[in-house]
Each structure stands twice: as C-alpha cells, then as structure tokens.
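Colleague: Among the features that TrEMBL reports, active site, phosphoserine intermediate is placed at SER132. Annotation source TrEMBL lists Mg(2+) binding site at ASP88, HIS195, THR197, GLU360. Sequence annotations record features per position, and here TrEMBL assigns Zn(2+) binding site to ASP88, ASP365, HIS369, ASP409, HIS410, HIS486.
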Amino acid sequence: MKFYHSNRFKIVATFLLISLSILISGTCIAYYGKMANNSSVTSGSFNLNNLPNEQLIWFEKGEAELLKALNRKENSRKARNVILFVGDGMGPNTVTAARIYGFGEDGLMAWEEFPNMGLLKTYCADKLVPDSASTATALFSGVKTNYETSGIDASVHFADCPNSLNSLHQLPTIMSWAQDEGLHTGFVTTTRVTHATPSALYAHVPDRSWECENNIPEYARVQGCTDIATQLVEGNVGQKINVIMGGGRQMLISNISGSKEDPLDTWAGYSKDGRHLIQKWMRKKQEQNRLYQVVQNRDELMAIDGTSVNYVLGIFANGHLKYDNELDMGSGSMPSLKEMTVKALQILSSRERGFLLVVEGGLIDQAHHRGKAKKAINEVLAFNNAINASIQALSEEELENTLIIVTADHSHTLTINGYPKRGTSVFGIAGNSKTEGTPYTVLTYGTTGKGFQTDDKCLRKDPATDDTENWEYTQQGAVNTDENSHGGSDVTIHATGAMSHLFHGVHEQSYVAHAISYALRIGRFRESALVNQLNEKTTP
C-alpha cells in the first residue's frame, strides 16, 4: 500500500496517462484528417488543392464572384451625369448569343460586370408586346403610352392629332428636365435621328412614322400637327440639345438623292416640301451666338475639338447608318457607334455643368427585323465597344459621379435551340430534328419575313445546304409575316456609379425615368423637400 502512495508511483502513473492521451489524440487527428481528405465538403478543413480540376475551376470562379459581391458598396452620392445606353431590340437571348459569339460561354459583356441589375417589364398601355416608340416614351418620361405613339400619354390614341396637341397630354422627359436644370444634353443613335427611340426624347406625335411632313396625312397637317424632324430643330426641347448624332438626312432635307454608298431608306418616307432643316439649325445657332459645328462624315467628326463647341449636329446618312460589319475607315465614311459616343462625351463632359447622354444601338433591332441574326448580334458587340470606350474615356472621379445605365427597350423572338456542344458556333447547326431528321440551327426566330423555309418537296429546308455563317443568312422561323416581330419578354437593366443601387429587382419600364430624375435631382425631384419626404419614408 505504501507503494501506491509513494512519489515513484505517482510519477509513473502520470507518465502513463500523458502517453495514453498523446496516443489517443494522435489517432483521432489522423482519423479525422483522413476523413477530411476523402470528403468533398468537410467543415473547417476544406482543401481546394485536393479537388479534381473539373471541380476546382468552379470553386475558384465561385470564390471570385463571392469576393466581388462581398466588396460591393453602394454609391449614394447625387449623380452629376447620366449616360443611358439603350440596345434597341436587345432581349436576353440576343445578349446571350452575343456574349458567346464575342467572348465564349464563360465571357461577359461590359455591362454584365456592373454591380447592380434588374429586369424591366416592357408591355405598353394597350399592347402586350410593344414597339420602340412606346417603350422609349416609358424609359424617357416615366409614363407608359400606346403602341406606336411617342411623347404623349395613353389618353391619346394612335393617329389622334387633335388630342396630341393638348399640352396636358404631352410628356416632359429626362431630357427636358435636364435642360431645365442647366445640364448639357445629347443623344447618339445608329438609326435616323427622327426614328422611334430618339423621337421620344423631344417630340410629341400620335404616330411614330410622322418623321417628316410627307408622312403626315393631310387632315393632320390641317389640324396643326408637326413632324418629328421639325420638332427636333424648332421644338422647345429639340433646339436645346447640345449633341445630335445619327442618320436621317432624308427627313431633314427635301428631295435629296441616294447613292450606292448612302442609299435612301425605302422603308421610310422622305421630305418633299423644300425644307433644309440643317441650314435652319445653323441659322438658329448663329442668331444665338452659339459655338456650333455640323459634321457629315467620320473625318469631320474626328476633327472636332470637343472643348471648342457647345452644339454639334452630326448627320451621317440619308437613312440609318451602315451596320458595323459594313463600315470602312475611308475618307468620307460613316462613323461607328463607339466613335460617335466618345466624341459626344468629349463635348458634353468639357462643360462646367453635368450632362445627360442617351446612346442607342438601334441597328440591333433593324437586323432582327430582317432576320439577319449575325448582323444583330454583331451590333450588340459594337454596342459593347461603345460602352467600354465610354468607361475608359471618363476619369475615376467622373465615373464616381456618373450613373451609367445599360438596358433595352424590348426583345425579339430569337431563340437558342437544341443541345449543341459547348464551343459550337451560335450561327451553326444545333443538331438534327428527332422527328424530321432534318438539321436545324442554334438560332431561330418565332416570327420571320421568310417564314418556315421549305424545299422543293414542301419539307423544311435543310439549313446545312446554306452558309449559315454568312452575314446575309436569314435564320428560319415558325411564323411567316412581313418582318420579324418584337418579343414580349422582360429585358435586363444594369447600372454602375452614382445611385446605381436604385436598380435592384423587377421594375416597370417607366421606373427608369423616375430613378434618373431622383439620381440627378431633376424633374419632380429637383425640390429637396420632396427628396427629403421620400427619404423619410425609407426603412432605417
């Protein structure tokens, strides 16, 4: 008994207990370490180095996106400038196809890097599927209106001239609100400057086709309605716009002739009343002692010193501008959307006051209407180039104080089909129909001007017999009509910069104008009392 109470026993017992504890701990560590190495998800001991490459790439991408989300910060300062990019007809499928074509399946467009995004509902007041004039009116005025009307509310029906003249039903826009606050304003488009989308910035018409006097019915002219081109040059808003760039010479000057390089637009009318609205625009600027310049080709545009002029009118085509894939850099050529946009920014940002610039990639829509999917998708890439160049053209301080928005006015019926292998060209063949046995392309349309294309046996034509990569190839469609129609899906909206967090979910398309009004403190939100009242209603 004395031994058990002796110091020698205590030392031996303590040594044995310590050794046993070390042995048990080591066994547990080895066991659980082995379990962790054999498990793909083990809390607290996840090791990326042990993952197969097929898993590792997605975990690394996930972590990069998480870091981007965690580092996201709201920029709540009042915007000094706003740039609103509108891809006409640029629905979600169009963006996806353009992304794959330009950057691969895992690439991103410039605006898809923006921290804030949402969706816009594009229906108009009387149609489930809208046109560009009604959607532009919603975007620019904050009020939804009727199909094919521009700058007026829904109480005015299509072609209703008398009611369109009632000032109560004529809608102010982000451009007029900006001008009221002394901001410089401008718009750039690859379509005619009198076309549907830009018209909603400055004109009030019950029929978007009234681009010049020759398109207005006699009864409407007698009742006092004026065409869009006249409102651009002589209207209260139009004559104050600092930068106007696009096509549409045939609406501004009467009886002009087309050429092989610059044809007349046969889908639209042209003026015959002897007008020369470009000269009238110049006279007005001379009378007002403004620094102005008129340019008609790329060389003249690029020669402008943006700090030396306050007003620029650039009309580069009789109708719409050429598609981006058709442009050349020769003397007297048409400029690209990127070149027009960067020059517009040079002019507008050189002023002491802030600015509002609207940029339309209008030929996305035009190519879709003709069923030329490759041209439409390439126009999205040209649109992307203009956005990238704009971001690069602004200083870091300007970017902090500028709200940049990228959206579309509506979608088209383009679909991405079948189960093509990754890496397949979006303009290629998706596979063979399991019922017909006939190949079909990755891209098709729901509606088309060429319809359900058939062979000499009245069966669906095999697209593999055509060059589907050709710029002029027309994708097959399900329903034949005069031209490809718009689609009714929601469109995305992306934003970065000052107040960009205002775009965050599913919005009415008309919300965009209200958000811009708040961000710039123009329009109804020029009154600080109203801003304070709205802010007081927010949840802490």
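The count begins at 1 with the first shown residue.
Using N, Cα and C of the backbone, Cβ positions are placed for all residues, glycine too.
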Colleague: Work out how many Å separate GLU360 (Mg(2+) binding site) and ASP409 (Zn(2+) binding site) at their Cα atoms, rounded off.
Modeller: 10
Colleague: Give me the CA-CA distance between ASP365 (Zn(2+) binding site) and THR197 (Mg(2+) binding site), in Å, as a whole number.
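Modeller: On Cα coordinates alone, these residues lie 11 Å apart.
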Colleague: At the Cα level, what's the spacing in Å between HIS486 (Zn(2+) binding site) and SER132 (active site, phosphoserine intermediate), rounded?
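Modeller: Spelling it out, the Cα of HIS486 (Zn(2+) binding site) and the Cα of SER132 (active site, phosphoserine intermediate) are 9 Å apart.
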Colleague: Around HIS195 (Mg(2+) binding site), which of the listed recorded positions (SER132, HIS369, ASP409) come within 10 Å, judging by Cα atoms?
Modeller: SER132
Colleague: Rounded to a whole angstrom, what is the C-alpha distance between SER132 (active site, phosphoserine intermediate) and THR197 (Mg(2+) binding site)?
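Modeller: SER132 (active site, phosphoserine intermediate) and THR197 (Mg(2+) binding site) have their Cα atoms 6 Å apart.
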Colleague: Compute the mean position of the Cβ atoms of ASP88, ASP365, HIS369, ASP409, HIS410, HIS486, which form the recorded Zn(2+) site, and then list in sequence order the other residues of that chain whose Cβ is within 8 Å of it.
Modeller: GLY89, MET90, ASP131, SER132, THR135, ILE364, HIS368, ALA408, SER411, HIS412
Colleague: Whole-number Å distance between the CA of HIS369 (Zn(2+) binding site) and the CA of ASP88 (Mg(2+) binding site)?
Modeller: 11
Colleague: Express the distance between the Cα positions of THR197 (Mg(2+) binding site) and HIS410 (Zn(2+) binding site) as a whole number of Å.
Modeller: 11
Colleague: At a 10 A cut-off on CB-CB distances, which of the binding-site residues HIS195, HIS369, HIS410, HIS486 has the highest count?
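Modeller: Sorting the candidates by Cβ neighbours within 10 Å, the top entry is HIS195.
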Colleague: Among the binding-site residues ASP88, ASP365, point out the residue whose Cβ has the most other Cβ atoms within 10 Å, with all shown protein chains included in the count.
Modeller: ASP365
Colleague: To the nearest whole angstrom, state the Cα distance for the pair ASP88 (Mg(2+) binding site) and HIS410 (Zn(2+) binding site).
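Modeller: One finds 7 Å between the Cα atoms of these residues.
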